[in-house]
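Quick notes on the structure that follows.
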Amino acid sequence: MERAEEPVVYQKLLPWEPSLESEEEVEEEETSEALVLNPRRHQDSSRNKAGGLPGTWARVVAALLLLAVGCSLAVRQLQNQGRSTGSLGSVAPPPGGHSHGPGVYHHGAIISPAGRELLVAGGNVVDAGVGAALCLAVVHPHATGLGAMFWGLFHDSSSGNSTALTSGPAQTLAPGLGLPAALPTLHLLHARFGRLPWPRLLVGPTTLAQEGFLVDTPLARALVARGTEGLCPLLCHADGTPLGAGARATNPQLAAVLRSAALAPTSDLAGDALLSLLAGDLGVEVPSAVPRPTLEPAEQLPVPQGILFTTPSPSAGPELLALLEAALRSGAPIPDPCPPFLQTAVSPESSALAAVDSSGSVLLLTSSLNCSFGSAHLSPSTGVLLSNLVAKSTTSAWACPLILRGSLDDTEADVLGLVASGTPDVARAMTHTLLRHLAARPPTQAQHQHQGQQEPTEHPSTCGQGTLLQVAAHTEHAHVSSVPHACCPFQGF
């Protein structure tokens, strides 16, 4: 007998470190009752099930998905389509629960509605993350989209392997317009590590594009700052003024592209239909050879506390590892959170999301159009905004997801993931955050130590605009925190 669905509650997410003060949580025995979904959905072991652990339904479905830039909008979209709603704020925990540092812990799932649906349907963190990224491509065209470049980092707790996802080098489709890479990149990731059928992941974003979504505050602000030139009629009123927060936007052309992509059997074909339509719009030939996305072993750096993983060049991952290694070797005080590092002429607009389950499987995704609304060139036949990422040799300074695993030999080792969105300054602050985490957790420390609260003295906002996500798995718990504190609502089940 399934447990009745309870009202959804959203909470503010707090910066977290192992030494922070305790916070009560729902008792494990009570929470596990809500995790017994349809057991038949989790019995198929014929495919690669990223992060799945046999024999424990709670650990299979205990997943967390946090969307940095777009989860608040995804929450509102699905709420306005008749889903259960909740109130902002925190809920007093029941007495008698065990304690953790402040933040969000759960034995079950704490996710966005888009990701929640895919997990309930039997998906894993890769399904949830890819599905949510495609929803963001619809509802946050200023930060991401089908025209964006994606980087990803996936850690599979069952194998201990970490894999980097790249879109391939940037390539010009037409002067000032970058070749779109999102669909083949996400399709490749899902084909290797996902569990649900690919078409299932496109149901949500296709519905949002076809039936419409409500413009949220970040998108409305971006429209005011950028102006509507090149963005009409998608994001404009009939008189040419930008849509404000709460206005409804539809993108039926994009919905048609997504329906076509749902039928693609391979990652190469996933973007071909879109590319043909774009070439027709622009009056150019389809490139004879286009960069293909890749999955490759992640860059590694052994540290006393475990092993760090990140994405390879031309992302900022290798440079960040070098900075971390130098800081750890020197033994000097933790550097300024905003060092003069990875200077770029452009401060790109980017989007990030993270997914983690309580077994320690982690997916980090970050994407960018290079600047707000990319090139601001709206393809009339596809509804896609193209990026202006056209330089092959340019370092993607906005892309540097990091994962710290306590030990490769221990399948139950703690896992920490960090991913940032915004300007390169936020990535520098992420380096500072990880150094503080390593300093607070020496190699001999095996468990959380509940001490008085030690609020971080610096936040990424001191460097620039953006969001920093921190996700973790510890003793069969999924945990998340973020800076700014209230950037990212979540939904539990």
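Each Cβ is built from the backbone N, Cα and C atoms, and glycine gets one as well.
What Swiss-Prot says about this protein:
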type     : residues : note
COMPBIAS : 20-32    : compositional bias 'Acidic residues'
COMPBIAS : 442-455  : compositional bias 'Low complexity'
CARBOHYD : Asn161   : N-linked glycosylation site
CARBOHYD : Asn370   : N-linked glycosylation site
TOPO_DOM : 1-54     : topological domain 'Cytoplasmic'
TOPO_DOM : 76-493   : topological domain 'Extracellular'
TRANSMEM : 55-75    : transmembrane segment
Asn370 (N-linked glycosylation site) and Asn161 (N-linked glycosylation site), Cα-Cα, nearest whole angstrom: 30
Which of Asn161, Asn370, the listed glycosylation sites, has fewest other Cβ atoms within 10 Å: Asn161
DSSP-derived structure type at Asn161 (N-linked glycosylation site), helix or strand or else coil: coil
